[in-house]
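Notes for the one structure printed next.
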Ligand code: SF4
């Protein structure tokens with residue numbers, strides 16, 4: 001029996017860097033540790049960190065209640081204002097905002113200071129987009145749908161700077177930009193989509209084509225894992241969506257010639273390895 005494990009399975013670079021940094025801080029011990037929002041959308045990891053003394057804070061109000069400890073900013077990043085609150089409260093800060101997100105903050109800060117109207121292609125409610133908005137010092141609009149792009153209007157002479165949420169669908173981004181471009185505005189477009197998601201999906205599709213059965217590991221509510229499952233299922237009818245090894249009927253799969261494994265962006269390596277080991281016993 002052969003096993004093909006996707007190289008891109010599990011944490012992307014930005015999430016791995018953030019989670020590793022929290023565990024490093026836990027190892028050091030000392031002052032209370034807080035993360036601004038859950039460090040990752042994975043209950044197991046967040047609960048494990050909680051047991052190790054890491055608390056999650058969700059709002060600016062909660063942040064203002066703190067007067068000692070370390071606040072870790074996760075890979076999604078935060079607005080400029082949150083940095084100021086952390087500083088004002090005299091808290092230690094560890095910033096593990098993904099460098100790809102930091103790049104967007106810098107673009108938005110610079111271009112809005114030059115007077116451009118910032119357009120963010122993305123989901124207005126996503127924490128990454130909330131953070132990006134908080135770096136604009138001028139007009140800012142978030143566009144997610146074709147309808148929003150069609151109805152978008154600014155006064156004549158206003159310049160636009162368009163950026164994207166890092167995980168936005170690349171094709172849809174291009175289509176929305178095309179709609180905006182046709183309006184005849186002076187427009188600077190910076191495609192800030194990170195290719196980690198696309199690479200993971202392309203590899204999963206390729207592996208699913210080559211194997212007899214495919215296992216996709218990830219949280220039930222993880223939208224990127226659901227997407228991976230759909231992609232694999234299209235290529236390989238014998239595809240299984242599991243959260244942990246406990247959900248897998250290993251006996252059933254032991255008779256299969258070749259199994260492929262991939263995992264969503266918030267699936268810890270430990271869970272992936274446990275599944276992989278089943279075929280190496
Ligand atoms: S920008 Fe890309 S690498 Fe960074 S956290 Fe997001 S998906 Fe991961």
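Placed from the backbone N, Cα and C atoms, the Cβ positions cover glycine too.
Annotations in TrEMBL come from automatic prediction, not curation.
Pulled from TrEMBL, these are the features on record:
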type: ACT_SITE; residues: 128; note: active site, proton donor
type: BINDING; residues: 12, 98, 194; note: [4Fe-4S] cluster binding site
type: BINDING; residues: 41, 76, 126, 166, 222, 223, 224, 266; note: (2E)-4-hydroxy-3-methylbut-2-enyl diphosphate binding site
type: BINDING; residues: 41, 76, 126, 222, 223, 224, 266; note: isopentenyl diphosphate binding site
type: BINDING; residues: 41, 76, 126, 222, 223, 224, 266; note: dimethylallyl diphosphate binding site
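Projection of TrEMBL feature records onto the structure.
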residue : record                                                     : Cβ neighbours (10 Å)
12      : [4Fe-4S] cluster binding site                              : 22
41      : (2E)-4-hydroxy-3-methylbut-2-enyl diphosphate binding site : 19
76      : (2E)-4-hydroxy-3-methylbut-2-enyl diphosphate binding site : 25
126     : (2E)-4-hydroxy-3-methylbut-2-enyl diphosphate binding site : 18
128     : active site, proton donor                                  : 24
194     : [4Fe-4S] cluster binding site                              : 21
222     : (2E)-4-hydroxy-3-methylbut-2-enyl diphosphate binding site : 20
223     : (2E)-4-hydroxy-3-methylbut-2-enyl diphosphate binding site : 13
224     : (2E)-4-hydroxy-3-methylbut-2-enyl diphosphate binding site : 21
266     : (2E)-4-hydroxy-3-methylbut-2-enyl diphosphate binding site : 25
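If you count neighbouring Cβ atoms within 10 Å for each of the binding-site residues 98, 166, the highest count belongs to 166.
Cα-Cα distances to residue 12 ([4Fe-4S] cluster binding site) place 266 within 10 Å, out of the binding-site residues 223, 224, 266.
Closeness to ligand 1 is met by 12, these being the recorded positions among 12, 76, 126, 128, 224, 266 whose Cβ falls under 6 Å from the molecule. Between the CA atoms of residue 98 ([4Fe-4S] cluster binding site) and residue 76 ((2E)-4-hydroxy-3-methylbut-2-enyl diphosphate binding site) there is a gap of 7 Å. Taking the Cα atom of each, residue 76 ((2E)-4-hydroxy-3-methylbut-2-enyl diphosphate binding site) and residue 194 ([4Fe-4S] cluster binding site) are about 12 angstrom apart.
Between the CA atoms of residue 223 ((2E)-4-hydroxy-3-methylbut-2-enyl diphosphate binding site) and residue 194 ([4Fe-4S] cluster binding site) there is a gap of 16 Å, rounded to the nearest whole number. For residue 194 ([4Fe-4S] cluster binding site), the nearest neighbour among the recorded positions 126, 128, 222, 266, judged by Cα separation, is 128.
In sequence order, 13, 14, 15, 75, 100, 101, 166, 167, 196 are the residues of the same chain, not among 12, 98, 194, whose CB sits within 8 A of the CB centroid for the [4Fe-4S] cluster site.
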